[in-house]
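Asker: Quick one: structure below, then a few questions.
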Amino acid sequence: MLSPYKYLPPSFNFQTQNNNMKTTLSTLIFTSILLAGLIFLEPVASQNCNCPRNMCCSQWGYCGTSSAYCGKGCQSGPCTRPPPNNNANVASIVTVSFFNSIGAMSAKGCPARGFYTRNAFLKAIKAYPRFGRTGSLADSKREIAAFFAHVTHETGHFCYKEEIGGPSKIYCDKSSTKYPCNPKKRYYGRGPFQLTWNYNYGKAGKTLGFDGLNNPDIVAKDPVISFKTALWFWMNNIHSGFTSGKGFGATIRPINGGECNGNMPAAVRARVKYYTAYCKKFVFLSGILLPEPVASQKCNCARGLCCSKYGYCGTDDAYCGKDCRGGPCSQPAPQNNVYVPGIVTQAFFNGIIASAASNCPGRGFYTRDAFLRVIRDYQHFGRSGSVADSKREIAAFFAHVTHETGHFCYIEEINGNSKKYCDNSKTQYPCKPRKSYHGRGPIQLSWNYNYGSAGESLGFDGLNNPEIVATDPVVSFKTALWFWMENAHWDFASGKGFGASIRAINGNECDGGNRAAMNSRVNYYTNYCRQFGVAAGDNLMC
């Protein structure tokens, strides 16, 4: 789901201040330049490095065309000296396979299918020779991974080119008088970064050569311009901070500051997940530094992240290795080479279905192929600990799935529409009228906050379109794996036993709340453990 907070207006903007302040500021800056013995072309409004087309932004934030602007420290534009810090070939990193793998995760009916192309991206980066070419080769790969992590999150795997419900939103900052809103136009999110607000459209258009205020729709119609706006925003607001070593966390705030400070931890986790996944594809450590503590755990790291001895959150050995203070320590990567499809065989999967009635609504919906497509995104599932541990986790997951769906019989909760499942206290995920958040899918995802959070992480609109969990089998299994990895995996993998997973999925059955249901889950679990040839272990009940 696309984020609701987009490019918040800056709290202070020199362009909105009175003329006396601007005159004084310009005088001071120009005097400093003269005292330094430098001769610059006439400084033009830097607009936070948003220079007109074919002009460079100097290291001090002013626009020009000489070596003082386009040479050492040049931040954006047609920089000439020094050349990019390395000779990384961005096209060889952003391969056809990598690019297509992002779009492959979106539904076939996505409105942006065919709009975002690798060719359009490669055309756009010609205007930004420093993108992905600063620092070491590993630094280049990290920057490219970070850029596409945000693009994946903002567009839902290249599914959307316009913000969901965008035309109903104004995004007009009237204090930005240099870029006045056209009353007949809307400046909602469009393109790979979902460019938003009149001042961003105005600045981007001035730099890139299109009329952003009177023709913002071009960002959703011309794929090259669309990618250029994303790269423009990146190079002007993120590139220098990221390449100076501030880490991935520093890139989240300029793109969507509304997610920071614990406001939207699920969205932050989703961006981090994409970033680390792309880093792994490019084969190097991610070096994550989160912008601030998110969600509560030991050391305040998000679930699934380790807290290093210095108090920072991440997933590689620097965080999960020596002196790790919290989270899945010593588990920076899958700990074994278990082949999950070799355990979840077609015979095993069919054996569950065979116990359901032939007229069940879930017949043909839940498939092994859909499940196997989903686990590619969850490399830790069924691969932590020993081979026996892996088999126990897989047995536990399918025990709950069998219980929740009645042997893959039900896609939706029986009489689910008659139940509310709306927690109004979860204001981050407000319930939508005429929508029901009853149980759907393999783990029967329920409640508005779970649909909202799952949608943010997985790239669908969980609040406005909860029905997709019951109509798309891949999304359906994704929600089940998402819930398991977020709420049950680490407890189970750390040896707390099957009983801990019952409490995570339906705590109301514990402590004598529903002993029959609890026993049913335990029976499925022990049965599947026997099929896999492993002992069920201790702590079976809750």
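Cβ atoms here come from the backbone N, Cα and C positions, even for glycine.
Just so you know, TrEMBL annotations never went through curation; they're auto-generated.
Keep in mind that this is a model prediction, so the values were computed, not measured.
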Asker: When you check TrEMBL, which of Cys49, Cys51, Cys56 turns out to share a disulphide bond with Cys70?
Answerer: Cys56
Asker: Taking Cys63 as one end of a disulfide recorded in TrEMBL, give the other end from among Cys49, Cys51.
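Answerer: That would be Cys51, the partner TrEMBL lists for Cys63.
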Asker: What whole-number Å value do you get for the CA-CA distance of Cys63 (disulfide bond) and Cys56 (disulfide bond)?
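Answerer: Roughly 5 Å, rounded to the nearest whole number.
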Asker: Between the disulfide-bonded residues Cys51, Cys56, Cys63, Cys70, where is the Cβ count within 10 Å the lowest?
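Answerer: Looking at the disulfide-bonded residues Cys51, Cys56, Cys63, Cys70, the Cβ with the fewest others within 10 Å is that of Cys70.
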Asker: Can you give me the Cα-Cα distance between Cys70 (disulfide bond) and Cys51 (disulfide bond) in Å, rounded to a whole number?
Answerer: 12
Asker: So, in DSSP terms, is Cys51 (disulfide bond) helix, strand, or coil?
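Answerer: Where Cys51 (disulfide bond) sits, the three-state DSSP reduction gives coil.
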Asker: Calculate the per-residue pLDDT averaged over the domain 'Chitin-binding type-1' (46-81) and state the result as an integer.
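Answerer: Average per-residue pLDDT within the domain 'Chitin-binding type-1' (46-81): 71.
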